[in-house]
């Protein structure tokens with residue numbers, strides 16, 4: 001087993017582990033090649049140049065490799081804003097923001113679009129009030145919650161508005177007394193005769 005020295009500098013080649021046969025056959029059987037046994041974990045020595053992997057020359061394969069390595073951002077126009085991972089709390093907050101025109105009756109918002117899909121690129125910030133709004137526009141520590149949904153659910157004025165709207169919808173959809181079930185006119189006699197038969 002003589003190894004050839006690298007002509008220039010150092011070269012590194014991975015030491016491939018020997019794979020033992022589990023078939024229980026004789027020792028004369030040759031072990032499978034590491035490249036075929038382990039998939040694409042190890043590259044065969046024919047694909048290595050001085051022990052290092054060199055990308056393929058085919059432009060389609062190179063483009064595929066570069067697309068995998070590029071980070072998912074919104075682009076240079078938006079300062080390469082990354083796409084954050086969406087947690088259940090963030091998902092609820094984004095859904096509430098899409099339905100913000102329903103929350104408050106006195107505020108009117110421009111619709112964000114017809115698509116109901118959640119945005120892919122966004123950032124979440126914290127509002128810092130100036131010292132001049134200490135009494136007027138500031139939330140107290142008791143009013144501050146971890147998410148936007150918790151703040152809206154704990155707001156008493158919005159809670160009363162929601163309860164009133166639910167009552168109005170229920171009253172409009174329930175039948176008023178027995179008026180809906182009364183049969184009037186000549187049709188009642190026909191229906192009564194049909195029921196008797």
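From the backbone N, Cα and C atoms, a Cβ is placed for every residue, glycine too.
Look at TrEMBL and you will find 1-60 (among others) tagged as region 'Disordered'.
Residues annotated as compositional bias 'Polar residues' in TrEMBL: 19-39.
As annotated by TrEMBL, region 'Disordered' applies to 65-84 (among others). Helix first, then strand, then coil: DSSP counts for the region 'Disordered' (65-84) stand at 8 helix, 2 strand, 10 coil.
Look at TrEMBL and you will find 71-165 tagged as domain 'Fcf2 pre-rRNA processing C-terminal'.
The feature region 'Disordered' is assigned by TrEMBL to 167-197 (among others).
Annotated compositional bias 'Basic residues' per TrEMBL: 181-197, in sequence order.
Averaged across the domain 'Fcf2 pre-rRNA processing C-terminal' (71-165), pLDDT for the predicted model comes to 87.
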